[in-house]
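The structure appears right after this line, and notes come after that.
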Amino acid sequence: MHKLPLFSYWTRTVASHLENRVKVTSGAFYHNKCCRQKKKKVTFAYCISLLQTLAACPQEEKKMDLLPDLWRQEYWLPPGVTWRDLEQLPDSERPHPKDLLIALPLALGFVAVRCVFERFLAPPIASCLGVKNRLQVSAAPSPQLESYYCHRSKQPTQVELVSLMVLCGKTQRQIESWFRVRRNQDRPSQTKKFAEAAWRFFFYLSAFVVGLTSLVNVIFKYLLVVTLSQPLEKAHFWYYMLELGFYGSLLLRISVDVKRKDFKEQVIHHLATIFLLGFSYCANYIRIGTLVMLLHDSSDILLESAKMFNYGTGWRKTCDSLFVVFAVVFLVTRLVIFPSRIIRTTLLLSMEVFEPFAGYYFFNILLMVLQALHVFWAVLILRMVYKFLKGKLEKDERSDEESEADLEEEDKAKEDKTDPGGDCYWEKSKETLNSKLSALTNSCVLNNLTHHRSSVANRARKAQ
């Protein structure tokens, strides 16, 4: 079912290429044998024969011969269990490490499909929800500043500002203003943010349905049983491959996606998830891995949908309602179910069946890393919920609004407030002065009218 002739084809191709194109020279390299024998010198001719022999080997022998230190059973399997125990399952019902290679073309496919989605499908949906882009002002042409911005730094220090003043013949205020406007030019538009959120929403929704369908016929109490005799079902296989391909596509596009405050945490999360899925698949912890993915997708659906409505116009109540539901689901799944059911099973209950081994520590360390990230994000969510309940949430502080680029307007306001030489400062001061003068004038007019009326009344009394 899942056999791939990819490796066999690759080795034969490399062998024929070396045989036809590469001349056998006196060059040599060191080859480390599986049994850790003494390193010996081999030529390119020996490499060709080695590749040809490896291509002719059976799949299972080839898997164990490649990188023998990586596939040592004491790393992956508990004491008393060998790779031959897994081979007792039918070939179509057990995971093969080579199956993970399918995730690579799937990741590239996800990148291509996402480009099509963001280009043609996301804009009409955004217009239906009333997503509008901010009006951006272009920076004045300046080759020196543009070169410095692109190749040196986007936020120059005070010392660098002085050198730029000498180079460009501009004031410090003008240079700071130019860099601020130039940074705002690179800010992602609301449509781009919406397209990214919409893509993730549709994937998480589809993945959640697939994952839930793959477990619908399995009794829940058997899901948390860590056993190596679990058969690999086709739904579980494709669920794993799709999730691995999706997170691989996120890493491929991480340099062009919207950069948020939790950028480093997101990278750690994606890497930990990929390693966790890969290890659990090879070691046949299929059902535990499926539950982990299912718990994550359940809350991510609500988060991405809340983002989509947040970018639209006139959907504030819907956005706030979805965010509250997301906060509840996130806290329950990530801080209650995940540690009490998943981590407790893999960390404690599994010891009733197996003794600790290297894979046991590696797997649980990855789960602990995910749990630490859950706590980090839960603190941010609780802080937003507190502000929301107190009525102090003036600005949306969700993850996509906490990007570094979105802080430019706040920086601009602070600079205008603290810089007495700024135009905005004088405009505000002028408005304040005019309001005070008008108030003083009105006060004087009212006093004059009051005195005039009192004097007229006194004269009328005297005349009587």
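Count begins at 1; order follows the chain as displayed.
Any Cβ shown, glycine's included, is placed from N, Cα and C.
As recorded in TrEMBL, the features of this protein are as follows:
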- 134-190: DNA-binding region (DNA_BIND)
- 399-410: compositional bias 'Acidic residues' (COMPBIAS)
- 411-426: compositional bias 'Basic and acidic residues' (COMPBIAS)
- 132-189: domain 'Homeobox' (DOMAIN)
- 192-390: domain 'TLC' (DOMAIN)
- 399-426: region 'Disordered' (REGION)
- 201-225: transmembrane segment (TRANSMEM)
- 237-256: transmembrane segment (TRANSMEM)
- 322-340: transmembrane segment (TRANSMEM)
- 360-382: transmembrane segment (TRANSMEM)
Distal contacts, the transmembrane segment (322-340) - CB-CB under 8 A, six or more residues away: 292, 295-296, 298-299, 302-303, 305-306, 309, 370-371, 374-375, 377-378, 381-382, 384-385, 388, 398
Residues from the same chain, set at least six apart from the ends of the transmembrane segment (360-382), whose C-beta lies under 8 A from its own: 78, 262, 265, 268-269, 272-273, 275-276, 279-280, 283, 285, 292, 327, 330-331, 334-335, 338-339, 342-343, 346-347, 350, 354, 397, 399
PLDDT averaged over the residues of the domain 'Homeobox' (132-189): 89
Within the domain 'Homeobox' (132-189), residues counted as helix, strand or coil by DSSP: 34 helix, 0 strand, 24 coil
